[in-house]
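Presented below is the structure to which this report refers.
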């Protein structure tokens, strides 16, 4: 960890230089001449997708997150494994990702209208924005012009994705390596207002904790005991893969600020949610938004952080390619 910390400032300087050059080539209306209806096509198809399956808003947003944290926002998370390579989507942290079929559906519409023009990376970025809007969240403008990567590695995904069990120092270090700061961390955690999670991603909080007297199998003390009892009824063991729990109970299909109210009451589902209360900066933000008086501020902050994340490690210009099918390189 010490060596990694020493190398981080240098890595950040290199990252910042490379990122700023690439981001400068992203622009609003990038497809205005080559595929002028691109955003309209994505928006119309997303409206149909979410109308038919409202619970897909969270998974589609998560796909974009998991893409951007590994090799940048280059749609590498969409690539299928091959005989010689295990791709990101088959890494352990990505086993529960959903929404791949929806991405292919939107991409096919774009290919029919403008063959070989709109990248899968831009498709996924637009779909995540529209997922939030359709779940009653904020709208933000998306600069376009990303290109698709040709490499996808399960090992990289396992090493680089922020773990659901992470504390703030670890998560902050991972975010910093992507050019994102502590505010981005607490703001983007608010995406947990949408979606569900399988038991193995949080059940260790229910069964794998040791008390001061050495007793094992206890509930994580940072988790509200009444909420833990409810979760135990759903998740019978750490390995229970059958059951899903809402990350934001009561409004998991609606983008709102109730996630922060749950976290403030020690009812965040993941250890990474609970960890937000153990850092002064993140705790202050959680408690402020939890009052319900600053929803507009959170929406504005979330939009700004999503724009930042959407710029991470992008390929532009002649880099990468424009895939015809999002699951395979050309």
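Yeah, the Cβs are placed from backbone N, Cα and C, and that goes for glycine too.
Annotation comment: TrEMBL describes 1-21 as signal peptide. Marked as domain 'Plant heme peroxidase family profile' by TrEMBL: 25-330. What TrEMBL records for 35-114, 68-73, 120-326, 199-235 is disulfide bond. Residues annotated as site 'Transition state stabilizer' in TrEMBL: 62. The feature active site, proton acceptor is assigned by TrEMBL to 66. If you look up TrEMBL, you'll see 67, 70, 72, 74, 76, 88 marked as Ca(2+) 1 binding site. Marked as substrate binding site by TrEMBL: 162. The heme b binding site annotation in TrEMBL covers 192. Per TrEMBL, Ca(2+) 2 binding site is recorded for 193, 248, 256.
Residue 66 (active site, proton acceptor) is 9 Å away from residue 88 (Ca(2+) 1 binding site) when you measure Cα to Cα.
When pLDDT values are averaged over the domain 'Plant heme peroxidase family profile' (25-330), the model yields 94. The separation of residue 67 (Ca(2+) 1 binding site) from residue 193 (Ca(2+) 2 binding site), Cα to Cα, is 19 Å. Around residue 256 (Ca(2+) 2 binding site), taking its Cβ as the centre, 20 other Cβ atoms fall within 10 Å, counting all chains. The subset of recorded positions (74, 76, 120) lying with their Cα within 10 Å of the Cα of residue 68 (disulfide bond) consists of 74, 76, given in sequence order. Those residues of the chain, other than 67, 70, 72, 74, 76, 88, with a C-beta within 8 angstroms of the mean position of the Ca(2+) 1 site C-beta atoms are 66, 68, 69, 71, 73, 75, 77, 149, 152, 313. Compute the center of the Cβ atoms of 193, 248, 256, which mark the site for Ca(2+) 2; besides them, the chain residues with Cβ within 8 Å of that center are 190, 192, 194, 251, 252, 254, 255, 257, 258, 259. Residue 114 (disulfide bond) sits 22 Å from residue 73 (disulfide bond), counting Cα to Cα. Cα-Cα distances to residue 248 (Ca(2+) 2 binding site) place 192 within 10 Å, out of the recorded positions 35, 70, 120, 162, 192. You'll find the Cα of residue 66 (active site, proton acceptor) roughly 21 Å from the Cα of residue 256 (Ca(2+) 2 binding site). Taking 62, 162, 199, 256, 326 as the recorded positions under consideration, the smallest Cα distance to residue 76 (Ca(2+) 1 binding site) is found for 326. For the pair residue 256 (Ca(2+) 2 binding site) and residue 73 (disulfide bond), the C-alpha distance works out to 25 angstrom. Close to residue 74 (Ca(2+) 1 binding site), meaning Cα to Cα within 10 A, are the following recorded positions out of 35, 120, 162, 192, 199: 120. For the disulfide-bonded residues listed here (35, 73, 120, 235), the lowest count of other CB atoms within 10 A around the CB belongs to 35.
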